[in-house]
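See structure below.
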Amino acid sequence: SKREIKMRKLDSTKVRPLKSEQLLHIEDHDFALRPGFGGSPIPVGIDVQVESIDSISEVDMDFTMTLYLRHYWKDERLSFRSNKNKSMTFDGRLIKKIWVPDVFFVHSKRSFIHDTTVENIMLRVYPDGNVLFSLRITVSAMCFMDFSRFPLDTQNCSLELESYAYNEDDLMLYWKHGNKSLSTDEHISLSQFFIEEFSASSGLAFYSSTGWYNRLFINFALRRHIFFFVLQSYFPAMLMVMLSWVSFWIDRRAVPARVSLGITTVLTMSTIMTGVSASMPQVSYIKAVDVYLWISFLFVFLSVIEYAAVNYLTTIEERKQLKKRGKASGMYSMDAVQAMAFDGCFHDTDVDMDLTPFPEPCEENETRTSQTNISNADTPRLRRKRSLKGNVGRIILQNNHVIDTYSRIIFPSVYIVFNFFYWGLYM
């Protein structure tokens, strides 16, 4: 009657179904159950379009990827009549009222569906009950990385998809178009990696309490850019090693120069090694860059030890010479280079000087000389000073220790062989 119809309109506890819901007969079915419940497993096809790889973190051992995830299945409960055989497209509001696959990302740390300006969800239903369900998702997942060849490494990561509740008896996940189910944007690029390949694969996962599940894999290989690490780590280490070799060409009696050069190169190598380690996870195995930096550090350290040996042997040799040339009065006669080592002043190599065990400073000698006649001091000392420039090279070559001579050849040769072996092994 008209009165009953009017009472139904005034009843606010009932909500009229939407026209789309009436067309799909949503209220006539229980969508808490999967399609074909009690029968064979429902096949759900998957295809993925990778929009971008946002970041790769070595410290956290994970990657972040944005992708379009599309599901395909058939639910005859959603079939409808259509004269033109056209599909209907809906947004995310209808998702909560029908059955959809419960696919999740294995080993994911965090993920979200984009919601600007609205939730990036699309549902398309065809007259025969076929359904297309598409999501735009950003997911961060674990990538088990091996840094034994870092930074000359290639990392293989995978994003894994699996049903959470339905095992293989209820749901069968598969790639919709085989190997062509995975597509990527042509402009995907990363700052530290080359993307070598993308591939799709499938398998099974077993859980002792719930059984076997279908699992899909999105595999991709990343090869690291080496040029950044050459500029930041390898090239500075090479320069420090070569700089330590300069010590072999400095006079063995120039103790401050050679010691300060050795300590500086050692500290610089320590800084380079600390900077590289700070940006890497604390792994328990040796990385390729560690091998190179530690060997380079060893070369720098050995150059310091080399001068310690030269200085020690030189001191012993001079003591023996002084004992042999000792005089009965307790005075010692030294050549020019030995005298320069004691008092810091240059003396002509042709003049033997008698020095007491406690030589006077150069400043006192110069003061005493200045008090004498200027004409007497002008001739020998000025001649020696004028000839000093031409005799420096001869003095250095004549007073090099044999260890320095061999070090000039051995150190560069061994380092070059090491570099050939290193780059040939890891490249």
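Just so it is clear, glycine is given a Cβ too, placed from its N, Cα and C backbone atoms.
Features reported for this protein in TrEMBL:
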| type | residues | note |
| --- | --- | --- |
| DOMAIN | 26-225 | domain 'Neurotransmitter-gated ion-channel ligand-binding' |
| DOMAIN | 234-324 | domain 'Neurotransmitter-gated ion-channel transmembrane' |
| TRANSMEM | 226-247 | transmembrane segment |
| TRANSMEM | 259-279 | transmembrane segment |
| TRANSMEM | 291-310 | transmembrane segment |
| TRANSMEM | 409-426 | transmembrane segment |
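For the transmembrane segment (291-310), the partner stretch with the highest count of Cβ pairs under 8 angstroms, out of 226-247, 259-279, 409-426, is 259-279. With a cut-off of 8 Å between Cβ atoms, the residues of this chain six or more beyond the transmembrane segment (409-426) that come close are 149, 152, 241, 245, 248, 288, 291-292, 295, 299, 302-303.
The predicted model assigns the domain 'Neurotransmitter-gated ion-channel ligand-binding' (26-225) a mean pLDDT of 91. Among residues of the same chain six or more beyond the transmembrane segment (259-279), those with a C-beta under 8 A of the stretch's C-beta atoms are 58-59, 232-233, 236-237, 240-241, 243-244, 246-247, 250, 289, 293-294, 296-297, 300-301, 303-304, 307. According to DSSP, the secondary structure content of the domain 'Neurotransmitter-gated ion-channel transmembrane' (234-324) in residues is 77 helix, 0 strand, 14 coil.
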